[in-house]
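**Q** Below is a structure I'd like to ask you about.
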Amino acid sequence: KTLWGSSEPRPPAAGSGQSSPQQRTETLGFYESDRGRKKKRSLSDLSLLRFISAELTRGYFLEHNEAKYTERRERVYTCMRIPKELEKLMFFGIFLCLDAFLYVFTLLPLRVFLAMFRFITLPCYGLRDRRLLQPAQVCDMLKGIILVICYFMMHYVDYSMMYHLIRGQSVIKLYIIYNMLEVADRLISSFGQDILDALYWTATEPKERKRAHIGVIPHFFMAVFYVFLHAILIMVQATTLNVAFNSHNKSLLTIMMSNNFVEIKGSVFKKFEKNNLFQMSNSDIKERFTNYVLLLIVCLRNMEQFSWNPDHLWVLFPDVCMVVASEIAVDIVKHAFITKFNDITADVYSEYRASLAFDLVSSRQKNAYTDYSDSVSRRMGFIPLPLAVLLIRVVTSSIKVQGVLAYVCVVLFYCGLISLKVLNSIVLLGKSCQYVKEAKMEEKLFNPILTATPGKPAGKQQGTFKSTQGISTDENGSTSVTNQPVHQKENMPSLLVTSNSDQFLTTPDGEEKDISQDSSELKHRSAKKDLLEIDRFTICGNRID
């Protein structure tokens, strides 16, 4: 009874006895007709119209996989935030490089003059200290002497002959040369900063210690040779770029710009941690600032060739814009896909900016461990001395100073550079204090980490140490850098204080950590890999010793 519904016909009822031939024929006919109806109904269910109707009306619910789609949406928002956050970091980093670069032209000559004045007038005041000059003054004197020697050595390099030699090469050969120069610049920069640091430490090392070096003079000649070699390498880069600007079909310039997009292929599809991305960001800052200086050199050389005709500047302007725009576009695309493939948020660039700001603030302390320009060199791989030597050489050869009025203009220009340097330093220091305060990194300045001397545990150290400088907030809420009492000299042998500029206090993640976790995390900070422990010349986050 359950096989057929009420709407379908029932088979004929069989009698109590044997069915007659007529009844069997009716029953057989009924079953055959029922099978025919079922076959027709199944064919109608598989019709094309019914399939299309099912495809058009089929539904699904995205909320069944809410986490997946929310993550995809956040990735889109992260990629949209990358250009803004990256350019904020680049903008701050470029001005840091500009501050270190202007220091060579403005404050370094004045500091060298003061050191020479102290050295000359020292017999008049007597030897109150065991040192003839302070360590910072010795380093300034060495920088000034290296700068002057390399400048006179650059006069023996003929820029015009180099230009015509490079211009006579084929396009593909110049493209290969330009790529080789970029690689050589990074390699020489990594080794050059070590040469300069070795010279500074050798010249200022306490004499009581056992001599473990080859002497100041060999280190000095190594430093001079490095700065001169690096300046020539940058000059070849600038000359190649100048040839590309002056080529008629602009094919070389197009090929050189396409080289930036090849960088995306070599970087995007690799695994990056936050520390590795920090190194890449610093390298991009240094590369962009160096390109700006190279463009300035190219414009100076071209304007000299056209007798400083202002109309020719508008001829160069489109090419300059193309170089700058391609550099910015490549950096944005590269960082956007790196953060996407490695699940890194856009907030990491605020941490990087706070790290650079911490370097600046800690270097302004009364008893800082390093000069600010040197900390920028170690962090970003930007060494201002070779670039400054080349720029001075190009400016002095391009601009002829004749007459009293010209010298007055030079003096006024120098005063303007000093004003720009001071203004830039003040603004950078204020913004750095703001970034450090937002990142909750003041404890790093107020409480420097103490490290035990060899053979003694840290818990058994005697004597106290107070921060020499910190960030204080007045009643109006403004942030300032203040001097604190200096540690006692008798406690110096028992303590070895690590440099503030070599360590990093990462910004908290906000949603993942609360204030109580932040306070407990400060006690175990040494167990983490901090960004300030990573400089430009490291591999995969491990310092090269």
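Any Cβ shown, glycine's included, is placed from N, Cα and C.
Residues or ranges marked as compositional bias 'Polar residues' in TrEMBL: 16-26, 461-486, 496-506. The compositional bias 'Basic and acidic residues' feature in TrEMBL is assigned to 513-527. Taken from TrEMBL, the feature region 'Disordered' covers 1-33, 453-527. The feature transmembrane segment is assigned by TrEMBL to 89-106, 140-157, 220-245, 382-399, 405-430.
For each listed feature, how buried is it and what is near it?
**A** Counting same-chain residues at least six beyond the ends of the transmembrane segment (89-106), those with a Cβ under 8 angstroms from any Cβ of the stretch are 143, 147, 281-282, 284-286, 288-289, 292-293, 331, 349, 352-353, 356-357, 360, 372-373, 376-377, 380, 382, 384-385, 387-388, 392, 414, 417-418, 420-421, 424-425, 427-428, 431.
Here the transmembrane segment (140-157) has Cβ contacts under 8 Å with residues 104, 108-109, 111-112, 115-116, 133, 199-200, 203, 220, 223-224, 227-228, 231-232, 235, 385-386, 388-390, 392-393 of the same chain, all six or more residues outside its ends.
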**Q** Apart from its near flanks, which chain residues at least 6 from the ends of the transmembrane segment (405-430) lie with a Cβ under 8 angstroms of it?
**A** 95-96, 98-99, 102-103, 105-107, 360-361, 364, 479, 481
